[in-house]
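Colleague: Structure below; questions to follow.
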Amino acid sequence: MITENSSSKMDTPTNISLVGSVESVTESIEYKTVSVFLVLLVCGVGIVGNIMVVLVVLTTRHMRTPTNCYLVSLAVADLTVLVAAGLPNISDSLVGAWIYGHAGCLGITYFQYLGINVSSCSITAFTVERYIAICHPMRAQTVCTVSRAKRIIAGVWVFPCVYCMLWFFLVDIQVNRDNRVQCGYRVSRDLYLPIYLIDFAIFYVFPLLLAIVLYGLIARILFMSPMPHRADTAATAAVRGTCKESAEPGNKASRPARSRSGVSSRKQVTKMLAVVVILFALLWMPYRTLVLVNSFVATPYLDAWFLLFCRICIYANSAINPVVYNLMSQKFRAAFRGLYRCQEQEVQRRTRKHFVE
């Protein structure tokens, strides 16, 4: 949505304060066409993709791992962002005014920030989980479990749910000079600035710094340290008193093979999650930088096309993760294909049943 609130100069993902000639750009047919098309495209792809991630993990038994539990949490958070931030942007571009009333202003703003903050917390959670799983494998046997992941995810959602209630007191509907109803901030810049900086530190800077440290430690273990391969010989088997191992030569080859396969799988998962973190940092950087700079300058930078670029980057961050999973994870690719085949078979079954009846 487009609101006029030059006092705060602060913005939500769909609330970019525009003044002067910039507002006239957003009223042009060209801007509206490009804006609606890009938002519809990115949000449509993202909504379908994230729903598929949730369905794949919930309906495929071997996909119910601790890491994938966090990815489900991230997918639901991204869905929240796309629905609460992206779709209202479309109606605002078409109508040019806020059409959801006072309750919609409070609720949609709340869910925008809830999705954004849960997304950040979910990324932090699976980063810590990967660190424990790879750097502390003995501890991971009791810590990195599905049941514990579910409890952590509950905390990941409860904390932002409480934290984001602050927005109920910071936004309200307003009437601009053209008598258009808008949803914007009702607090002064002096009050909002520290709130934004705290939000910026907790949900952007801290997760990225933690990710840099932990992925550095993971890389040292996973990619730089030689991985020991246990190839049991007849002598070692005899010392251990396991004659069966020396009598089955297949075991000698299978154990190192399984070890190499396990290491390769861990590397693949770690690379995929690292890409998710990098995309989170890059796609949020334009908007975060813009608002941070505008907070301290006398004349804010409010180019309409750049603001649209910032919004599309945010929506793309919430839409691109399923694409990353499909490109970088063989298990997700197979699960996506399996889900598609199941849906196709269900459609065929219903079609045959319809003709029989």
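Glycine is no exception: its Cβ is also placed from the backbone N, Cα and C atoms.
From TrEMBL, here are the annotated features:
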TRANSMEM  34-58  transmembrane segment
DOMAIN    49-325  domain 'G-protein coupled receptors family 1 profile'
TRANSMEM  70-90  transmembrane segment
TRANSMEM  110-132  transmembrane segment
TRANSMEM  152-171  transmembrane segment
TRANSMEM  191-218  transmembrane segment
TRANSMEM  268-285  transmembrane segment
TRANSMEM  305-327  transmembrane segment
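Surface or core, plus neighbours and distances: that's what I need for these features.
Modeller: Listed by sequence, the residues of this chain that lie at least six past the ends of the transmembrane segment (34-58) yet keep a Cβ under 8 A from its Cβ atoms are 26, 64, 68-69, 71-72, 75-76, 78-79, 82-83, 86-87, 89-90, 93-94, 308, 311-312, 315-316, 318-323, 325, 332, 335-336, 338-339.
When Cβ-Cβ distances below 8 Å are used as the criterion, the transmembrane segment (152-171) is approached by residues 69-70, 73, 105-106, 109-110, 113-114, 117-118, 121-122, 125, 183-187, 192, 195 of the same chain, each at least six residues removed from its ends.
Remote same-chain residues near the transmembrane segment (191-218) are listed as 8, 10, 113, 116-117, 120-121, 123-124, 127-128, 130-131, 134-135, 166, 170, 185, 270, 274, 277, 280-281, 284, 288, 291-292, 295 (criterion: CB distance under 8 Å, separation of at least six residues from the stretch ends).
Same-chain residues lying 6 or more positions outside the transmembrane segment (268-285) and placing a CB less than 8 Å from one of its CB atoms are 67, 74, 119-120, 123, 126-127, 130, 134, 204, 207-208, 211, 215, 218, 222, 313-314, 316-317, 320-321, 324-325, 328-330.
Residues 13-14, 16, 18, 25, 31, 34-35, 38-39, 42-43, 45-47, 49-50, 52-53, 71, 74-75, 77-79, 81-82, 85-86, 89, 115, 119, 272, 275-276, 279-280, 283-284, 286-287, 290, 333, 336 of the same chain lie 6+ residues outside the transmembrane segment (305-327) yet bring a C-beta within less than 8 angstroms of a C-beta in it.
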